[in-house]
Amino acid sequence: MAGKGLFITLEGGEGAGKSTQARLLAEALRAEGHKVLLTREPGGTPGAEEIRNLLLFGKVDLSWRAEILMHMAARSDHLDNAILPALERGEIVVCDRFHDSTLAYQGYGIGQGAPEVLAFLNGARKLVDFEPDLTLMLELPRPQALARLKARGGQTDRYEAQAEAFHERVLAGFDAIASADPVRVKRVDAGQTPEAVSAALLQAVHESLTVQGV
């Protein structure tokens, strides 16, 4: 944690409702009188958004090393120009995806958990050495997620268009991450009603605020 703020990330597979729940969480915290920065990854700053467009919608396939480093480059700009300044001002930062998504998508999804890929990713992560105070892991079985994505429609990005085996590896990666760090990562059943999910997230944040003394 930097300054007096609180850094919260939301993680999970496609269709889990992270973006919606991040927005609702930010609104609820603002209603309680907190100053909140709502942001996302990859993205969150003009430079990082340019990298996001290349990663999600670019026409050229990248090597796994290049893809990891581009995520880290976007994250570095995001941290330096948005997240860290907000935390120093004492704000709560609510971020849709962060380090855990890179590990799940690039490490487990694309890299299939290969030791070489995980070692490279771990080294790159140490260069952008900053961790959330609290991570809210939205968990939703893949069939339910697919139904949501179909109902949502809209443009499909590079990761959403991957084969089912890719998404199963991503979900397995998120499960491994949550199991390895149960203090930081709080699992939330994203199959509940949106209101129930929002309530669970807000409760977890209140508990973290108490512990951190924010």
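Using the three backbone atoms N, Cα and C, a Cβ is placed for every residue, glycine included.
Look at Swiss-Prot and you will find Gly12, Gly13, Glu14, Gly15, Ala16, Gly17, Lys18, Ser19 tagged as ATP binding site.
Where Swiss-Prot records a feature, it is marked here on the structure.
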| residue | record | contacts (Cβ under 8 Å, 6+ apart) |
| --- | --- | --- |
| Gly12 | ATP binding site | Lys18, Met137, Leu138, Glu139, Leu140, Phe174, Ala190 |
| Gly13 | ATP binding site | Ala104, Leu140, Arg142, Ala145, His167, Val170, Leu171, Phe174 |
| Glu14 | ATP binding site | Ala145, Leu149, Tyr159, Glu160, His167 |
| Gly15 | ATP binding site | Leu140, Gln144, Ala145, Leu146, Ala147, Arg148, Leu149, Arg152 |
| Ala16 | ATP binding site | Leu138, Glu139, Leu140, Ala145, Ala190 |
| Gly17 | ATP binding site | Leu138, Leu140, Arg148, Ala190, Pro194, Val197 |
| Ser19 | ATP binding site | Arg40, Asp96 |
Neighbour tally for Lys18 (ATP binding site), based on other Cβ positions within 10 Å of its Cβ: 24
Gly12, Gly13, Glu14, Gly15, Ala16, Gly17, Lys18, Ser19 excluded, remaining Cβ within 8 Å of their centroid (ATP): Leu138, Leu140, Ala145, Ala190
Assigned conformation of Ser19 (ATP binding site) - DSSP reduced to three states: helix
